[in-house]
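Visitor: Dumping what Swiss-Prot says about this protein:
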type: COMPBIAS; residues: 287-301; note: compositional bias 'Low complexity'
type: REGION; residues: 238-310; note: region 'Disordered'
type: MOTIF; residues: 81-95; note: motif 'Nuclear localization signal'
type: ZN_FING; residues: 18-57; note: zinc finger
């Protein structure tokens, strides 16, 4: 089964770092002519003295290069999500800057420009962050009755849910081991952790699940689990299989011999046992019929009873001879 390959952040650095300052993108901006990206402040400062791309030397604009620069929010969100602590550190630097320079007018800027956006509002999750989750047993019958009213739920169903606080780097494999040890589930049963009705991979982390299913922190991360028997694999003994194949071949050979003997009375030469020589029906004229390789053949001598046709066979091929 195909598995997602995890790569190191250092392998992605060439796509996440600005060539002008050597750091990760902050307020990423892209040149629409060549699609190369830089930090906004870096490219604006560079284009004050040049009208060409720093990477490929394509002309950005003849007179006003800033017109062909666009803010790349998607790229910036990717950088913030891939680099741990970058968003939180950048927001802190902006707050410190405006606190140290109160004369700077930031009223026209957004909350992110002023550094007043929290990780929760930006939906940025770090590895060391604590995530609240709920885990409950997945009942297929209850899922089929999903259209019923909420008031029909019993107190037992509400008490089935448990709440945990776990690091964002916790994997589903660790959560399955926790459930097995907590509930004493035997090893011959399989535990599946699910989001809604979809089973989750063992290598998924809570951070992966939050990003994949767009968890918005409006409550604990809802997870479910189910327990099912482990499927046993039947092992085939190669020695037994070889014996069965050999016996099948022998049966097919014997069947072909029987079919040959019934189809027209032609003696078969494929049998492993030699057939006895066929004696001449005329003991006084032994030259009429002779045996070659267990089959009958006619002699070249003249037969006194030539007026009667006889049937002979040579090497399993029948023929009618008139003598």
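Heads up, the Cβ atoms here are built off N, Cα and C, so glycines get one too.
Looking at the shown structure, can you explain where the listed features end up?
Guide: Across all of the motif 'Nuclear localization signal' (81-95), the predicted model scores a mean pLDDT of 89.
Through the fold, the zinc finger (18-57) approaches residues 63, 65-66, 68-73, 75-76, 79, 83, 86, 90 of its own chain, all at least 6 residues removed from its boundaries and within a Cβ separation under 8 Å.
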